[in-house]
Amino acid sequence: MSPDAPAPSHAVITPLPAPLHGSASVPGDKSISHRAVLFAAMAEGTSRLSGVLDSDDVRSSISAVRQLGAEATLERQPDGSLAGGVTGWGANGPAQPDAPIDCGNSGTTARLLMGVLAPWDVEVELTGDESLQRRPMRRITAPLMKMGASFQPAGRETLPLVERGTRSLRAIAYDAPMASAQLKTAVLLAGVFANGTTTVNEPAPSRNHTELMLPEFGVPTTAADRTASVEGPCTLKACEVRVPGDPSSAAFIACAAALKPGSSVQIENVSLNTARIGFTRTLERMGADVNVRHTGAAGKEPIGIISVAYTPALHGCEVPAEKIASIVDEVPVLALVAAHARGLTVFRDVSELRVKETDRLAAIVEGLGLLGVDAWVDGNDLYIEGQPDLTTPPNLTFDSKGDHRLAMTWALVGLCGKEPVAVENFDSVKISYPRFLNDIERLAR
Ligand code: S3P
């Protein structure tokens, strides 16, 4: 398959012909790419971005900021990333768009935009695809309403919603009911234009890319373990952002290497932000051969190399509730690794997985069930009884349910096992990692 060939919708994924071997680099980090585009659009002047992920989700943010009056001239580079300039609306604020903003499948676009729009005199309808229209928005609209923004229809908890911003936004101190970087970011972005200090306290630390990037745009920001604040009002100033590789994409290559006998890979130039690489620790706790080496930084994001080699004797482990935010997008693929490990693996308090692109908890239990693995949910905990000699039954078809992380997880069953598997709606990989199959097949030649 050529690197740009569209991923097929119903894909038959065949076993890799050889172990994974050598160096890989993964596309730009999705969370950091969204923030680079949105913060640059909010800023005064022209920001220079590079390494931006070219995927459907990030394209949703790019077209949203264009609709709101930012000028984004991001062009595709030979390595498949996007790079170029974004000229923001700065102190003028966003333009009133003449049509609803369609955020596609991207929860990050929709939720962060709610914070971006709250301090301005605009009325904007936000909508999204079927999956996004099912996802909870009250967690974002509730604090923004406390700050003075309003949402119509009142009382509605899902998209489509019409947001009405206000120039006289109030700064707040908010105790978030869940660890969510999207919620934290929406409130902080609104707070940049409110008078005074806006603070978000979290029950557990969520990813902190916003706190690391806002100071680069000149916003006074303070951050500690479970709390972050911004000082407003403040105008963002254009800057340069280099986006490092996405650890959530790297996790699929790392887990493939842990599962495919004889493999040994190094994934380079990847963000080593501790709020994102919890999966390396989980793999280690399962006995996998994992190494993390810092090589530098991209802005304030630490970057480096993650190396993983196949280890025959994986064992189950327990992941405590306070670590879940650091693996929130990796639980499906880690659950697949746990299915091959001896003994029980428990992921504590994974309730947030029910409200991702699809109900990932139900999907994990269903998919592992097809493999003959005992997996169940008790309360909010996920249990998996691993089978070290697990073999894939013939003629399996997994349904990705249009969820990119599930599509890649079930693809690993075919790639790392001995039987081909079919994955329905495999083309959802274009949400975060369009070149997933090419990258992984290239490592197994
Ligand atoms: C994201 C935060 C996470 C994650 C999502 C991207 C972000 O969601 O699952 O894929 O870019 O802020 P939470 O809001 O649950 O932390």
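From the backbone N, Cα and C atoms, a Cβ is placed for every residue, glycine too.
Annotations in TrEMBL come from automatic prediction, not curation.
What TrEMBL says about this protein:
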- 1-27: region 'Disordered' (REGION)
- 18-439: domain 'Enolpyruvate transferase' (DOMAIN)
- LYS30, GLY107, ARG135, GLN182, ARG360, ARG405: phosphoenolpyruvate binding site (BINDING)
- LYS30, SER31, ARG35, SER180, GLN182, ASP329, LYS356: 3-phosphoshikimate binding site (BINDING)
- ASP329: active site, proton acceptor (ACT_SITE)
Using a 6 Å cut-off on Cβ distance, which of the binding-site residues ARG35, ASP329, ARG360, ARG405 come close to any atom of ligand 1? ASP329
Between ASP329 (3-phosphoshikimate binding site) and GLY107 (phosphoenolpyruvate binding site), the C-alpha gap once rounded to whole angstrom: 13
Binding-site residues near ARG135 (phosphoenolpyruvate binding site) (Cα-Cα within 10 Å), from SER31, ARG35, SER180, LYS356: LYS356
In sequence order, which same-chain residues at least six apart have a C-beta under 8 angstroms from GLN182 (phosphoenolpyruvate binding site)? GLY107, THR108, ARG111, LEU112, ILE140
Residue among binding-site residues LYS356, ARG405 with least C-beta crowding, 10 angstrom cut-off: LYS356
Going by C-alpha positions, which of the binding-site residues (SER31, ARG35, SER180) is nearest ARG360 (phosphoenolpyruvate binding site)? SER180
Students should find that the Cβ of SER31 (3-phosphoshikimate binding site) has, within 10 Å, a number of other Cβ atoms equal to 28
Cα of SER31 (3-phosphoshikimate binding site) to Cα of ARG405 (phosphoenolpyruvate binding site): how many Å, rounded? 15
Let me make sure I understand the structure: which of the binding-site residues listed (ARG35, ARG135, ARG360) has the fewest other Cβ atoms within 10 A of its Cβ? ARG135
For ARG360 (phosphoenolpyruvate binding site), which DSSP three-state class applies? helix
Spatial neighbours, same chain, of SER180 (3-phosphoshikimate binding site) - Cβ under 8 Å, 6+ residues apart: ARG139, GLU202, SER206, GLU352
Per DSSP, to which secondary structure element type does ARG135 (phosphoenolpyruvate binding site) belong, with helix, strand and coil as the options? coil
